[in-house]
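Trainee: Structure provided below as structure tokens; questions to follow.
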Protein chains: 2
Amino acid sequence: MANVAKKVSWSGRDPRDDEDERAGETTPLLNGTGPGAAGGARQVRRELPRPYPNEIPHNEKLLSLKYESLDYDNSENQLFLEEERRINHAAFRTVEIKRWVICAMIGILTGLVACFIDIVVENLAGLKYRVVKDNIDKFTEKGGLSFSLLLWATLNASVVMVGSVIVAFIEPVAAGSGIPQIKCYLNGVKIPHVVRLKTLVIKVCGVILSVVGGLAVGKEGPMIHSGAVIAAGISQGRSTSLKRDFKIFEYFRRDTEKRDFVSAGAAAGVSAAFGAPVGGVLFSLEEGASFWNQFLTWRIFFASMISTFTLNSVLSVYHGNAWDLSSPGLINFGRFDSEKMGYTIQEIPIFIFMGVVGGILGALFNALNYWLTMFRIRYIHRPCLQVIEAMLVAAVTAAVGFVMIYCSRDCQPIQGSSVAYPLQVGDQGSETLLEFVALGLAGSPAATLALLWGSPQLPLLTLSFLPFQLFCADGEYNSMATAFFNTPEKSVVNLFHDPPGSYNPMTLGMFTLMYFFLACWTYGLTVSAGVFIPSLLIGAAWGRLFGISLSYLTKGSIWADPGKYALMGAAAQLGGIVRMTLSLTVIMMEATGNVTYGFPIMLVLMTAKIVGDYFVEGLYDMHIQLQSVPFLHWEAPVTSHSLTAREVMSTPVTCLRRIERVGTVVDILSDTSSNHNGFPVVESNPNTTQVVSVVGRSLRGLVPPQVFVERANLSLVQRRLKLKDFRDAYPRFPPIQSIHVSQDERECMIDLSEFMNPSPYTVPQEASLPRVFKLFRALGLRHLVVVNNHNEVVGMVTRKDLARYRLGKEGLEELSLAQT
Amino acid sequence: MANVAKKVSWSGRDPRDDEDERAGETTPLLNGTGPGAAGGARQVRRELPRPYPNEIPHNEKLLSLKYESLDYDNSENQLFLEEERRINHAAFRTVEIKRWVICAMIGILTGLVACFIDIVVENLAGLKYRVVKDNIDKFTEKGGLSFSLLLWATLNASVVMVGSVIVAFIEPVAAGSGIPQIKCYLNGVKIPHVVRLKTLVIKVCGVILSVVGGLAVGKEGPMIHSGAVIAAGISQGRSTSLKRDFKIFEYFRRDTEKRDFVSAGAAAGVSAAFGAPVGGVLFSLEEGASFWNQFLTWRIFFASMISTFTLNSVLSVYHGNAWDLSSPGLINFGRFDSEKMGYTIQEIPIFIFMGVVGGILGALFNALNYWLTMFRIRYIHRPCLQVIEAMLVAAVTAAVGFVMIYCSRDCQPIQGSSVAYPLQVGDQGSETLLEFVALGLAGSPAATLALLWGSPQLPLLTLSFLPFQLFCADGEYNSMATAFFNTPEKSVVNLFHDPPGSYNPMTLGMFTLMYFFLACWTYGLTVSAGVFIPSLLIGAAWGRLFGISLSYLTKGSIWADPGKYALMGAAAQLGGIVRMTLSLTVIMMEATGNVTYGFPIMLVLMTAKIVGDYFVEGLYDMHIQLQSVPFLHWEAPVTSHSLTAREVMSTPVTCLRRIERVGTVVDILSDTSSNHNGFPVVESNPNTTQVVSVVGRSLRGLVPPQVFVERANLSLVQRRLKLKDFRDAYPRFPPIQSIHVSQDERECMIDLSEFMNPSPYTVPQEASLPRVFKLFRALGLRHLVVVNNHNEVVGMVTRKDLARYRLGKEGLEELSLAQT
């Protein structure tokens, strides 16, 4: 405890001294007192980084000051209350109906975007396939097949290059899966550009190009980000990127409402990706919600259901069996028949052991990715370097695959599997199919299946087995090629459902190893791509290997079906990497379509999480931390009861008086150091000018800075400010610097009564950190005013003040604040 | 709006006047000022009711003052903080592990209780069967079969009588399904005795007797209550009923922690009842949670999974196929094969129409039950009358069934269904079976199946078809008897899975009608029983009828499988009655074991809820309201922005000074009218005696009344009060009247600094009702102190102040407060 106390009083003077200070000494400042005003002595000062230095110093114990917060608490100023009071019961019903309509639209559009990605990936990959097929046809006769493969690798790298260039140069926030960003958004951190239309476009194009480019990535994760952007866009009824305002849904133009819709969008994204509507809702709640609201949850569920249903309908029509509804998600784990693949109680310990393995492998994945990401932050921060790295990974992925296939030569006879999963090729002969497929090897994970799906002659290949003949005799197929060069989605399903004996253990082992490192290298590249499918694939591979070993050890007992273990391995690996809990269990359960697997999947995920957490954080949390985002976890660190509001708050606070001189306000706003973006309004006495008297420090309200900007915009018109003005400007309020204020105007007085929230949430300075944290987190606040016993402002708690305290290995840690 | 304002200022003086009052006039009282002190002018005064008057006046627009609140906010007094600060990181980990252990134990015990109920119902029903069989054997020869039926009805009534007597005389809170009570508990209302061991015992016995007694009830709903009691018991590590304290889990002896475990228990109950662990978690969250916490949710899920797994294992062993895991819940809807029973897009509008029907029928059910319940509250409040009513219902249920069967004579040939669901009777002949079953008709819904299950010769009857030969020729069975006299669980499954043509539409129609009224009459009787299964049964019956009609209209199109419509009808009816949303969708989805039905079930439930809500509230909410419980909904009424804290708060508030005379404290506590159970501590000035000076009204903390009781208990020992003292007394703190305070002691001074929470949550008096509501609800508060701009106490908001405002048909309504 003494240790913590020491850590806390790192500033020159002990904050506890404040209590004894005379009132005059803690007078709130009307002007910031230089750069350190808001952050005070705590602020770690750094030199401003040059653009693109060779090395950016970075460590994980920093908290960036560049992120602003969203305010999930409505500012109850007079304007707001007047409007709310004007609205009658019927009008509220209309608002409620609008919310449902928006959710339906979110679901439909998210489903359509998922369809678009799916179909475009198919067709682009088909195009690429045709180009290379012609080339291979030419070289097969001459015997220069390796040249074709080289061409293919180059082609992949080029596709990835395009995908990487648009991300790196146009919208860097579209990189990765987007899940960490959406987690942050829902948590209340404003990540710039994260829900813009431009981001959506880049994200969708980027993920298509990454997948077509043959990287070890999935297209599922980015759907969550896409859904969130769609939701943010629709709910606002306009696009600032397109400069179109449809003048609808204006009521929803504030952080609170927008967040609710973004939750629905993220859920719709999960739902479309995995055909898991309940999983989607739980994902949204697990990652984002703080306050559970029945109506909101029900709307989110509605959006999710609509989303998977839209995807299902459109893809069914596209595949020609309109009423079939067989494609609930972008990935579908295939039918797990409980009779054939049921589990018994004896297998439970085995599943738990697999969870342990998954936890360890997941932790290893995250640790490797951690070092890689640190390296990237330090050295690969120039966009061009990022593009080059992405191209390199694409080329290496193709090369590794080629070498592996060439070396392994694991040829399996084809008939066994054909019996189990008949290839209904229609009028084309089986040989044509094999040739077809063998050519598809050439490195595009999506191309093969997509092509086959896309070709009308082969409509029934879904969920069937795609063998690759490469380097094998006729009537045999190369199982390494099958595992390596199929689409990852397809490979996962194959690993789940292929009959025992389809894979050579050596092949699976090598594949797991190589794909593990490739996927680890790929995650964090400047491309749009998800980590779900690669994780599932790695897990399914070692899970199946485990199943085969088990079957070998038990002399082929009936219950050692390797497919079942592949499923558990996939769950364990994914759980070990992302550490999601309830939502992932339900997503897996819904993707398998079988409720009885719920219990073992839960056990596996729980074990993987416990084991993984022992070593290192989950991948998403790790990346959030590496970005120094002030993310608020569920609870304050357990040992933080020794800290009080007085010790964590920022002080001194820039306060305003109820009737304030315009010049003073402009000066305060222009001073970037007073960066808490909310100003307490204290008892005003218009006769005293600069110094607020002792009796006048008591809190009257809280006012956000945009008020002044909007007011200033209107100052000449002298019209009364309306809520609509804020809504029109939301969320991009112009900076105060953009407004010219004349000397005469500076001398005017502005009355803040109308704009301030007269009942901001406050805490006494004696409140413990967990108490402050709970209030802040549960209500989604942006500012929390700390007052003394006489309701006088003594400090302000913002997100960064709470996010700084973290439970490390040796107890409570405090992060440093940094401008980067 | 004017209307509302008028309604609000019903007290003599307008609360807004307070603002202008001089400080001295709002001086907090040190003594209560007579009976109206806390409730003020608002309190509706009623004469104390005589015990058991003939008629108890009651209406739904009352809010009872007899319910206390739970405090889901930790009181951060010095004792608490000192303890929390002493606990280090490792100790917190131990606490966390204990939480998991408790959840595992909750799951196991809940599962075992469910097994116990299931098995005892089987055996008791078997015993009853044997008694009656002997009787029937005797009378069949003589030709007096109707006498046997009379005997059987009497026997049923007797069994129900025992079940009703124990509930009515020993523990009335064990009546009904317990879901409304658990909802209230999780909401923060203290329902006396609701989580006591005695309640559990009565509940379990009561539900067994109700089911054995042949009422139209299910044993699923009560499982939720049972799980909650188990959770509350285990987490406290002691039983006050048994006077045993195991001295474990003492850390969890407070409302906050206990609630978390009760949530887990309720989820485990749902999980055991329906084999729906995810549905259980969602139920808990939907009904109870306010603050979503990932770790808590994950623990709840763990308990749910363990619960269904325990039930599954034990029942599998009991039924002789130990490794099979085929009984995840007390009811299992049977396997819905997506290939055979899939749905297509064209059917969506039909499902929605069924939702509309379900909503209307559900609303009708609730409306009838509303009038019935009002009647019961007014006239049937004496325990003996309640027992008589229960017996009457049991007898009528048997009689109605008999008449229906006798009149309908709907005989169906037996071979068709035997082919579809072969009766594997082992060495007993099929005729013996039929005789067996026909005898089972005699009114025990549970007896027949239970008996057959219990008899070792017939282990394979699960999910098979049980035909009743009654009044039919050999080789035929009576389909009305089948529908009416099977166990309700069994009948539901039959309606889902019987092949087309098994039921005569006339039979189904009559059955729906009669069972609807019987179930409606039964719900609210003074017996332990659930409404889930009867609702499902009614819905399945009319759903199947609907399916048959549809098949007839479309000339037997292939997609009109009546079983599918029975499922949708069941969902619609249940949704129309209970109005649960997400959780019910998931429960239904998990019970069918088929994820693809999620979308139509959601549509049906959503439609049923929207349509039903248009007419009348859900059944549980209705009963909560009829009990005048101060239940807080998710949000404040939408049109309540016009109300402020000043208008809703209770005033004047009884305040204490930091250093207070013991006599004053005792007087205040003894005065029952100061019933807000929390006292603001204001600036104290020991020199002034009775009147707190003007400068001294500012809030310093909040202190709960039990402090004084505990302090008083120790006053002679002069030992320092410890947190342990509170934990040992929790939750039954003795009343102050039980403590003798001598005149000398009355003159002592007590320092409250140590016991008060120095940082209670406060709101300014200008805060709007929705803002106050949000703070109160999100943090699970019991008291919220309203302060003015100088942090001086002006009022107190408690649960009843918020629960009083309700959105009625014509806008905002205000309920009256009543002592009953």
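Backbone N, Cα and C atoms are what each Cβ position is placed from, and that goes for glycine too.
The domain 'CBS' annotation in TrEMBL covers B:756-814. Per TrEMBL, the feature region 'Disordered' maps to B:1-43. Annotation comment: TrEMBL describes B:100-121, B:149-170, B:200-218, B:261-284, B:296-318, B:348-372, B:384-406, B:433-453, B:565-589, B:595-616 as transmembrane segment.
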Trainee: Any residues 6+ beyond the ends of the transmembrane segment (B:149-170) with a Cβ under 8 Å from its own?
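Mentor: Beyond its ends, the transmembrane segment (B:149-170) has Cβ neighbours at 128, 131-132, 135, 198, 202, 205-210, 212-215, 383-384, 386-387, 390-395, 397-399, 402, 442-444, 525-528.
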Trainee: Name the range, of those listed as B:261-284, B:384-406, B:565-589, B:595-616, that has the largest tally of Cβ pairs under 8 Å with the transmembrane segment (B:296-318).
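Mentor: Per the Cβ count, the answer is B:261-284.
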Trainee: Give the one range among B:100-121, B:348-372, B:384-406, B:565-589 whose Cβ atoms make the most pairs under 8 Å with those of the transmembrane segment (B:595-616).
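Mentor: Maximum Cβ contact count belongs to B:348-372.
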Trainee: Can we call the transmembrane segment (B:100-121) and the transmembrane segment (B:565-589) in contact, meaning three or more C-beta pairs below 8 angstroms at a sequence separation of 6+?
Mentor: no
Trainee: What stretch of B:200-218, B:261-284, B:348-372, B:565-589 shows the most Cβ pairs under 8 Å to the transmembrane segment (B:384-406)?
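Mentor: Highest pair count goes to B:200-218.
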Trainee: With a Cβ cut-off under 8 Å, give me the same-chain residues at least six positions beyond the ends of the transmembrane segment (B:348-372) that come close to it.
Mentor: 516-517, 519-521, 523-524, 535, 538-539, 542-543, 546, 550, 565, 568-569, 571-577, 579, 600, 603-612, 614-619, 622, 626
Trainee: Average the pLDDT scores across the domain 'CBS' (B:756-814) and report the rounded value.
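Mentor: Per the prediction, mean pLDDT sits at 86 for the domain 'CBS' (B:756-814).
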Trainee: With DSSP as the reference, give the number of residues of the domain 'CBS' (B:756-814) in helix, strand and coil.
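Mentor: So the domain 'CBS' (B:756-814) is made up of 16 helix, 25 strand, 18 coil.
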